[in-house]
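Quick notes on the structure that follows.
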């Protein structure tokens, strides 16, 4: 029965006559002869599997796309099992025919028999030629050519296939992808001593995956007007495939592309065969278990649309427009989402409409909130099954529901999932807080010592800079970042102090704002007293007075009991790893509130 179900001849047809294979064998049924786990690339990369599929006559090596890994993880794909190959891409790698399997289904009813027949490797079949990027495309002036729909054709007229984005790696040198531009950034510029520059980036999507592509300087002029958001293109090497810089991308891909002068970009006539967008939704309730600063996609019904407001960035002192939305979903939770800039001012969504966000950053403000990244996108009432189901739920029952928020999660513990309880110092160390990942915690402790050497550094006086400046030896101080020279620096704290409770002691580091709270004076004032104390020109009386003031500032912090909110993070110094503790906020104890808290703890213990 299993042998009769197999689509014999399908593998040879896929490589020798793709058009016939698509019409005659749209969903071939094959036997799995082998499953092998490939070595992981490390860095949290997903597992990769190589499988061998047979149609009784021939067998072929296949790479299982990571989106199909679940059939292995769930134990459905077994050696000898019969499968339906629902989506695939055929290609040639190093002269060998290979299938990238994008979607596969195990037919468990047919069991898992031994190998059927005597299939042979597809060595005698027609080999696929690797894509020839110079066949057509953009010339050095960025002129755009058009390529017909269907398979790519090289100059010899031999059929070749398109690489799925999933298969790209630094080891593949000749390839062509067919992808849709789902996001296009504005052109960004920079100015440094080494020169000026500019860049822009796009997100590219096909059926297998997504990848970010960046263009610098000359390539900005070459490709910016060609690549349009929402359009489908053929893109061919030469084009560098590098490890992705995760801090600048919201895509779940280990690699990213950098366009080169000879990269070929061609607009596809067939614009419908590539998906519009790919989401990986996290429901609103699940946000409470997502780490701070993670990037997620979210789908919800708009409950409230607030007016546009403006804030000023602390780092750049530039004003930014923002708009806040409240979203709800079937989990019974709501969350606040902030959109920025033009997206905020031109936002047209209305309450009770479904909205999908791709690329939002998770914050622990008010427990959990979201912010749309500059590389993120949104879609109002998207035509996807999840949106239709959500709209149906809301229209039937959801609009009358009450919704919970994440605000009951402490902002101290939200990033780490820890409760808002106040820990003893011994507990911080015994629980290995910060050992596996950055975590926040609270302690109440007494300052017992403040280090007086190297307690501050000379900083740039430009607003929002704070970078260290260099003494030029002529009475001026230079900031390389701002490319300016100041007549004097602004000194800023980098304090280290020891605090203690009845269970142990802990070293904390802190910066300028919290340093002022601890010492009751600015770093500029302390540095002035230190310079007078050490000066050879000042009088003995002035030196003595400056020394008393300096010592008094440090002494004023000692023996003060305060509430400290801190962050624990693993750090490497030399070759030794250790957890470092950074003070985020220091506040004097409110003894009335603290007394009530302790009284409540006593009552609970009595019960």
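Counting begins at 1 with the first residue displayed.
Glycine is no exception: its Cβ is also placed from the backbone N, Cα and C atoms.
Heads up, TrEMBL stuff is auto-annotated, nobody curated it.
When the ranges 49-75, 76-102, 103-129, 130-156 are checked against TrEMBL, the one recorded as region 'Disordered' is 130-156. Summarised by DSSP class, the composition of the domain 'Replication factor-A protein 1 N-terminal' (6-108) is 22 helix, 45 strand, 36 coil. Across the range of the domain 'Replication protein A OB' (284-381), the DSSP-based residue counts are 10 helix, 55 strand, 33 coil. Shown for the domain 'OB' (175-247): DSSP residue counts in helix, strand and coil, namely 8 helix, 42 strand, 23 coil.
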